[in-house]
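Q: Pasting the relevant annotations from Swiss-Prot:
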BINDING   117, 118, 119, 120, 121, 122, 123  ATP binding site
C-alpha cells in the first residue's frame, strides 16, 4: 500500500467503491484522513462497510466541509451526463482527482512510466513490467490494470512504476512526472464519456503533459490522430520515438513483417514468441522495446526478456485444445478494432461474439468475413449483428455463452478442419450478462476446461 501522509487530518470524500475506490479509502484511513465514502451500488456499500470504510451519503453532506473528492474514473463526471455529486463538487469548488493523482503526490520522486491508447494498454503494461523485471529492475505495474494505484508497493529508489492509464484517469490527474509516456493508438471508443472524438483525443494527449525534461514520448504512428499528436510534440521540442507495424522506420521502432527493427536494423523475430501473436502485439512489443531502451536497457537484454513473456489473460489467451481445435479467449476485445486484431491471426474461425453493443457495430470487419466458418451470437447485440452477417457469414443465435460454446464445439468437431479456432472475441461490452470482460473470459475458460472433465458438447 502507498502511504499518503500529506492527507493526514484532511476530510476526503471517496466516490465509488470498486477496486480503486476501496484501495483509496484504505490508504486514506491508514494515513489518518477523515474519510467519507459512497457508491451508488448497495452491494459495494455493504462490502465497503464490512471492510471498515465509513459510508456516508454525500448528498446529505455540505461539501464546503470537505477538502478533497477522490473520484472513481468509471463514474461519469462530465459526459454524457455528470453524476449529481460531480456537479455539486464543481459548484462548491471542491478539488476532484483520481487515485493516480494521489499516487503522484505521494511519490513525487519515483520513476514512472505510463501507457495509454485505445487498444493494447494492458498487454503493453504487463509486457513492459515483465521486461524491466527480467532485466533486474524493481518494478510494480497497475493503475487501470490489475492492482489499483494506491495498492502498489513502495519501491526502492531505482524502482519503476508502470502505470496503465485510461482516458478517464488522465482527465483527473495533474501532478504525474513521467520518464516515459506511451500512446499506442487512438480509435473511436468511449466517445459518449468525452463528448465526442475531439474530447477523447484531448484526454489521451494529456499523458504527454506529464513528461519530465528529457523524457521520451513513445507514439504509434499508424493512425491519423496519433500522427497529428506526433507533429504537435515535435513542434513542442519533445523527444519522440515513433513506432509502426505498417512500415519500416529509418528512425524509430517498427515491425511490419514481425521482425522488430530499431532504426531499420533487426533486433529479434517476434513471430517466434507464442504469447505475442498478430500485428497488434507486434505494436505492443515495439512500444515496450522503445520504452525499455529509453530506460537504458540494451537491445539484447530486451529481446531476451520479450521471448519469456507468458502472455495476459483475456487477450488472445489459449485456454484449451480439444479435438485439434484451439480455444482462444479474447474477451477483452470489446470493439471491432480490437476484434480485427484477433481475426487476422487465424484462417478458420468459429467466432463467438455479442453482448452489449458499442457504437459502430461490426460492419468494419466485413473484409475479414472470409476467415469465419460460422458465427455464434449472444447477448443484446444478437439481432444487430445478425443483420450485418446475413448473407455473408453463417450464424446461429445462441443467446448465452454456454450455449454458444456447446454449439461451436459441436460444429467445429463435426467440420474437422485443420487449424480450426474457436474464438471468443465479442466486439461488445459484457455488462448485459457478466460483471466485466474478465468475468466473461473466466466463464469461457471454465466452460472449455470442463471438456477435460467430460463436459457435454
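Any Cβ shown, glycine's included, is placed from N, Cα and C.
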Q: For the ATP site given as 117, 118, 119, 120, 121, 122, 123, which other residues of the same chain have their Cβ within 8 Å of the site's Cβ centre?
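A: Once 117, 118, 119, 120, 121, 122, 123 are set aside, the remaining close residues are 115, 124, 184, 185, 284.
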Q: If you count Cβ atoms within 10 Å of each one, which of the binding-site residues 117, 120 comes out on top?
A: 117
Q: If I restrict to non-local contacts, at least six residues apart, and a C-beta distance under 8 angstroms, what lies near residue 119 (ATP binding site) in its own chain?
A: 184, 185, 187, 280, 335, 337, 338, 341
Q: When you tally the Cβ atoms that lie within 10 Å of each candidate's Cβ, which of the binding-site residues (118, 122, 123) has the highest tally?
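A: Checking each of 118, 122, 123, the winner is 123.
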Q: Taking the Cβ of residue 121 (ATP binding site) as centre, how many other Cβ atoms lie within 10 Å?
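A: That number is 26.
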